[in-house]
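Structure first, commentary second.
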Amino acid sequence: MDTNLALILVLTPLLGFLVNVFFGKSLGKTVSGAIGTVAVAISFVVSLLLFNQITSTGKGIEVTLFDWIQISNLKINLGFLLDQLSVLWLLFVTGIGSLIHLYSISYMHDDENMHKFFAYLNLFVFFMITLVIGSNLLVLFIGWEGVGLCSYLLIGFWHKNQDYNDAAKKAFIMNRIGDLGLLIGMFIIGTMFSTLDYATLKTVIAGATNLNLPLLSLAALCLFIGACGKSAQIPLYTWLPDAMAGPTPVSALIHAATMVTAGIFMVTRLNFVFDLATDVQTVIAVIGAITSLVAATIGLVQNDIKKVLAYSTVSQLGLMFLALGFGAYEVAVFHVITHAFFKACLFLGSGSVIHGLHGEQDMRNMGGLRKAMPITFWTMLISSLAISGVPFFSGFFSKDEILLTAFHHSIPLYVVGSVASIMTAFYMFRLMFLTFFKEFRGTEEQKHHLHESGALITIPLIILAILATFGGLISLPGNSWLNEYLAPLFAKATEGEHHLGTTEYTLMGVAVLGGLLGILIAYIKYFKQDNVPEADENITGLSKVLYNKYYVDEVYDAVFVAPVNSLSKFFRDYIETGLSALVFGLGKIANEIAFQGKKLQTGSIGLYLFVFVLGLCAIVSYIFLAQ
Amino acid sequence: MGNILNQIGIENYIFLSVVLFCIGIFGVLYRRNAIIVFMSIEIMLNAVNLLFVAFSTYHQDAQGQVFVFFSMAVAAAEVAVGLAILVSIFRNIGSISIDNLKNLKG
Amino acid sequence: MNTLIAITGLGIFCLLFEILNLRKAIIPITILGLIGVLALNFYEFGTEQSYYNNMVAVSKFSTAFSSLFIVLTIFLVALSHNFYQNHPTKISDYVAIKVFLLAGAVAMVSFGNLAMFFLGIEILSIALYVLAASDRLNIKSNEAGMKYFLMGSFASGIILFGICLIYGAMGSFDISEIHESALSAELPIWFPIGLILMIIGMLFKVAAVPFHFWAPDVYEGSPALTTALMSTLAKVVAIATLFKLISGMNVISSLENQDLLHTFEVIVVIISIASMSVGNIMALRQVNVKRMLAFSGISHAGFMLMTLLTVSASAGVLLYYTAAYALSGIAAFSVILYVCRDQDNEDITNFHGLGKTNPLLAAILTASLLSMAGIPIFSGFFAKLFLFNQTIQAGYIGLVIVAVINSIISVGYYFKLIIAMYSKEPNQERTGRPFLIYAAAVVSIALNIILGLFPSLVLDLLQ
Amino acid sequence: MNVSTILIILLIGAFATYFSGDKLASKVALLFSLVALGCSIVLLNNYSTGENISVINSWITQPKISFALNADGLGLAMVLLTAALTPIIIFSSFGNEYKNAKAFYGLILFMSFAMTGTFLASDGLLYYIFWELALIPIYFIALIWGNGDAEERRKAVVKFFIYTLAGSLFMLTAFIYLYQKAGSFLIEDLYKLDLSACEQLWIFLAFFLAYAIKIPIIPFHTWQANVYQKAPTVGTMLLSGIMLKMGLYSVIRWQLPIAPLAAKEYMDIFIVLGIAGVIYGSIVALRQKDLKKLLAYSSLAHVGLIAAGSYTLTLDGLRGAVMQMIAHGFVVVGLFFAAEVIFRRFETREIEAMGGIRTQSPKFTSMFLILVLASVALPSTFNFVGEFTVLYSLSQVNIWFAILGGTTIILGAYYMLRMFQHVMLGETNSKTFADVTLNEGISFAVIIAVLLFFGFYPKPITDLITPSLETILQVINKN
């Protein structure tokens, strides 16, 4: 029964993928879209069933299909583990997934390759599910690389544009760098405990005496590198903003709600490993904090509506890692969920805007859309409030938890985090004001076509907005349903629970004030004085640096890519030719000797006889000498 | 007769014929006229024949002298062929100097 | 012995046929006769006896090699039909000379007495002089004949001198007696000298460095068929005789004077290394195929000389090697004869596109070259294998490594010809499919491959 | 029925093909190769039922050489690889017209015959003979039916032949030396030998020369790229798909067990060489203008990893190596076939001249993409299984080996995707790209099916090869 459920869960999206790949074109756009959506919806239903089961029984389900890879000291089977964590993830992956599928039916309707789009989306969901429910690290790795592949395909969906293809390639390769880390981590763990299976691993580690902690920390570090790749943390974050080249639903699904949270998922999964590697946890926390700050600063000045959202995603992920670093896994998970809601909503909203403006993404050419597309406006407003941490929206609770935890562990990181969230509030409302208020700054022709998007687009927006509003209820400070739900997963007694004392309340207040402050600044700057960001060329000073993302891409190019390429040229032009010349050289030498030798063969009998006699004398005299 | 030989001693014969043989060799090496080269080769052969005879008396055994007849016959046959070739060469290039025979080389 | 007589008789018959105006019949009858002789020879195989107070000593060794010679002669005679069709009046002479040459060859491997040895070698040589110069209007042929004659007779002089010194030392021409006294008596210095002189004479015949200079010129100058004869039959005979001279008299192994033995081995090693290296390297830049094969022959001589280091054991190996080498040589030369029928030279350019015009012949030539290069399944490979095996057993691994390097070099020039045949465009019409040439080529290469598949057939004859 | 049957089939097939004439040749060849495939499957079945399918007849008495074919799991796996790839390769060539086709296809079958023999032979000399025989056909295939400037090609091919021959002749010398010691060429007798460390080192090096050139391991790879580029695609497939594997297989079957001490002593050096090949090959591949050359270097990188795996002397290393051999065999054949498919339409191998194919032929694009992903070892492809196992074994020896070798998953992705982007993506190409024909589609489909199936379920192969690898390891670790 469980097996069948699990299989249905996994295979329906795959089925959808196959159907769309092979028959999609002939089925026509709407049908293929419907198929894709239904496939995911089914998985969602199944996940609901599973969720129900888990909550009732309270223990996970293990499903083993067959042996996959045999290695002398560890045997890896293809199996699934459906426990609280994975089911939780399933819920929002498939849930939001189906919403976004729905949205895409209308959004992608003008694209001639719509069936492919849905095929890829389904494939993504399939791999994402595999990633989430895999019962050991290697199955997770299937999903891990699979989603990477899908993001490659979807970023480069409009493959005629080589820049998009570059972005896709970049995403894949940066992920691969992380994946190498993940692999190495697996190797170490496999060597140490000769298993990659979560359950076994947990018990083994729990029971283990005198662990080789340094080695384990190294493993944890490698795993974290993997997480960095997937979840766009410093130093491997630069691919995510570029990934916005893909269609907006993709950005919403893959690069905001689900795939990028895989890193957090993995760390949470292996909490029992990370708990032992405290120094690595510090590293995680620090990197998370820095990432959130850096990304936020960059976000301040971006003018591409999707870029802003992208950097905000990076910064939010940073916050999550901050929480992870402090071992507050459930807090991170909480934020993952709420973030999934409002960020998906924001992206879809921006998509709706872009749709309405026929592909315009630059906020400098927007404005005054409030009247034209009210639903989009309201939903996005709600989400912005949520992300800015305005009280009683979901983001408020989750972000607050994180900052609380940070405060309890290290003040500096807390400060960094708070600053980041203030900035968040600022640039989100900068976005809102620039997009929806004032007069429309686009072309007449665009203005003429301004319209609210269709139901298929607005319905998901509304649903997500609702979730973004009330999502916080699942883990209210004080009595948190989520914490209890997740409790069985964690080795250490969870530490998200803070009895609400005065400090907590003051901190909350500070956070709220910070958020409001950010909004206020944005209001003054972009509503009262209604200035509009400069055109690219006359951006100057610090903002220029920020606008160019601290030139990180350029640096990476100069430090890593360019050397490799020039090395490649060098090898090709010199080493290769040199080596083959070496081999040919031997032949040439022989030929040269032959050429000289030919001169010896003069054809004169006299010489021949002379050499003959010489040889004779040489031999005879040798005989004499030898005597 | 035999006693005289014994007094002379075999070494001298060997030296003599070695000298003759070398003369032959030098002749072959230094002369360019084909006929003279033939003759030098004949000298070599005859030097050997001489030595054969000497040895045959030294060993008191006739085989050596018999062998001389073989070698003379062979030498004659050889020279016959050689001269034939020489004649055809002379017909073709009108000279019998072996220095003109350098077309085949390399 | 009977073989020898029969062969001589056959030769006389050839001459008679000319008188009886049966030119057409000569070649068929000679071939039949030779086949008969071959049968007779097989019949003699294994009967150890000596005739005319050990003038001729028939042994397994001699009969085995004589059969090889006879087979080769059959091929050569078969090939001469097309080769000499332009001057039919002389055909009987040519065939007769070949048969007499065979007689000399048989005498050489079955001598029991140095006199016989000398006669054999002279019969062979004189016949070769004649054949080399046989195209008498062609200046090249003349030159080849002259060069060969002068140097050959010079070499004979050396050999004769060697024989004489040995006679002086031992007081006998009979090799068994010489063997006896070599075991017993204290040896005078001129015995090894005489021996060395004889060996040098034979080295000249097998064209080993530094006595090889004649070979390329003579091979190039002489008529193609004669070249074929020299590079197959003559070379094989010479090496076989040299081997018999050393093993039969068994002097080397019996010398209680160890350092003399050592000296001898050093000389052999040096000469064989020099021969194979010079031969292979010089062949690289040749454009004339006959010349190229001459140098390849020199290198093969170097290989064959390696057997002299293990005389007691390697008779079979030598037989196998010579058979493999000679058969591939025959195959190669029959193709060359076909391709260069009406060319005035044998340059590689003549072979362009043979793969397209005559796939079969091209394939055969390729096969024979591969066999010479020592690529598996052709007997050439096994020949080398057994040779190396022997030599390593005797502990000369360095020599073997040099040999290996040489066989790598050799591929270079063998493949030049193959490439010319397959990757170049044909530059001439090749009409006519002369039966005998095709037959000779096919049969010889077939034999070669059969030897490759069942080496034991030949190898075990002389174990 | 024993393993010699498949050899006989292939040999007869070669001649039958030649005599069937240019019209029929390809069909006949395909037929015979399929029969051989069927035969090998039957053999596999018999083997698994424990029936003895090995042959041993004495052939030459002095020196003692016997016609011994021994099929264990490892051998059979490689035979299956050959038997499975040959029909695919032949079938994939149906789109092209070859002049003098009868010789062409005859040679292909003959080569497949020789390679099968190499994988089966258990007598050193017999093995050597097959090893050399395999060289002749590919030489002619590349020389006569190759492409590019004739003179260039001549040089490349002759270099290839002499180079490889040089290597193997030293191997021959080593074999003769071993024969002196063991008095037989039979592999089990050679396994029994216990040689001094010094002897082993020399033997090991002699073998290494032969294999390093054949595989190729840097710096002995200079023949590879040129020959791959110049040879007709069929030849390239044979070379890269199967012939490379001869070298790798021989390392496992002959080199390691016969000279274990040397193998252990100098393990690191050879692993490093292999890994150096991985990195070097990948980097050189980055900036190749010619599609086939790029693939050649990618294959250099992959075999480097495989070699490194086999030199770890661990069960995982060997197992991973063998699985990677099979996977790589299929993938590389597929990739070269893709190159050929493009060449058939665009008449070029220059990457610059391509691009924008995806819009014209989505089918082909997807198949090509799958192959690309397989070759960068995406999980759920067979290559991942192999590569993971190999890297794991490397990490057992030294974690740095795993990290350095692991760079292949980054660099590999880099050059492969770069290639894919410039070949397939971008603005629609001016030249029209006809969609893949049914035949082409079938070839691709088969390859992809194999890769994906074993990617999820490699157990059959693992179970097949593991026992024989364990025995080999026992020999290696006997002292």
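Each Cβ is built from the backbone N, Cα and C atoms, and glycine gets one as well.
Caution: TrEMBL annotation is automatic and unverified by curators.
Within the same chain, residues 28-29, 31-33, 35-36, 39-40, 43, 69, 79, 83, 102-103, 105-107, 109-110, 112-113, 116-117, 120 sit at least 6 positions outside the transmembrane segment (D:6-21) and bring their C-beta atoms closer than 8 Å to a C-beta of that stretch. Here TrEMBL flags D:6-21 (among others) as transmembrane segment.
What TrEMBL lists as transmembrane segment is D:28-47 (among others).
Residues 2-4, 6-7, 26, 29-30, 33-34, 36-37, 39-41, 43-44, 47, 53-59, 105, 108-109, 112, 115-117, 119-123, 126, 186-187, 234, 237-238, 241-242, 245, 249, 252-253, 322, 325-326, 329-330, 333, 439, 442-443, 446-447, 450, 461, 464-469, 471-472 of the same chain lie 6+ residues outside the transmembrane segment (D:67-91) yet bring a C-beta within less than 8 angstroms of a C-beta in it. What TrEMBL lists as transmembrane segment is D:67-91 (among others).
According to TrEMBL, the domain 'NADH:quinone oxidoreductase/Mrp antiporter transmembrane' annotation covers D:122-407.
Within the chain carrying the transmembrane segment (D:128-148), a Cβ under 8 angstroms from the stretch's Cβ atoms is held by residues 98, 100, 103-104, 107-108, 110-111, 113-115, 117-118, 121, 154, 156-157, 160-161, 164-165, 168, 171-172, 175, 227, 229-232, 234-235, 238-239, 243, 246, 250, all 6 or more beyond its ends. The feature transmembrane segment is assigned by TrEMBL to D:128-148 (among others).
Sequence-remote contacts of a segment are chain residues at least 6 beyond its ends whose Cβ falls under 8 Å from one of its Cβ atoms, and for the transmembrane segment (D:160-180) they are 63, 124-125, 128, 131-132, 135, 139, 142, 190, 193, 199, 202-203, 206-207, 209-214, 220, 222-223, 226-227, 258. Annotation comment: TrEMBL describes D:160-180 (among others) as transmembrane segment.
Summarising the annotation, TrEMBL assigns transmembrane segment to D:200-222 (among others).
Beyond the transmembrane segment (D:266-287), the same-chain residues lying 6 or more positions past its ends with a Cβ under 8 Å from any Cβ of the stretch are 201, 204, 208, 212, 217-218, 221, 294, 297-309, 311-313, 394, 397-398, 401, 404-405, 407-408, 411-412, 414-415, 418. Per TrEMBL, transmembrane segment is recorded for D:266-287 (among others).
Summarising the annotation, TrEMBL assigns transmembrane segment to D:294-313 (among others).
TrEMBL lists D:325-343 (among others) with the feature transmembrane segment.
Residues of the same chain lying 6 or more positions beyond the ends of the transmembrane segment (D:364-385) and with a Cβ under 8 Å from any Cβ of it are 298, 302, 320, 323-324, 326-328, 330-332, 334-335, 338, 341, 357-358, 408-409, 412-413, 416-417, 419-420, 423-424, 433, 435-436, 440-441, 444-445, 447-448, 450-456, 458. Annotation comment: TrEMBL describes D:364-385 (among others) as transmembrane segment.
Marked as transmembrane segment by TrEMBL: D:397-417 (among others). A Cβ distance under 8 Å defines the sequence-distant neighbours of the transmembrane segment (D:397-417), meaning residues of its chain 6+ beyond its ends; these are 267-268, 271-272, 274-275, 278-279, 282-283, 285-286, 294, 298, 301-302, 305, 308, 312, 314, 372, 375-377, 387, 390-391.
Outside the transmembrane segment (D:438-457), and at least 6 residues removed from its termini, the chain residues within Cβ reach (under 8 Å) are 84, 88, 91-92, 94-95, 323, 326-327, 330-331, 333-334, 337-338, 341, 363-364, 367, 370-371, 374, 379-385. The transmembrane segment annotation in TrEMBL covers D:438-457 (among others).
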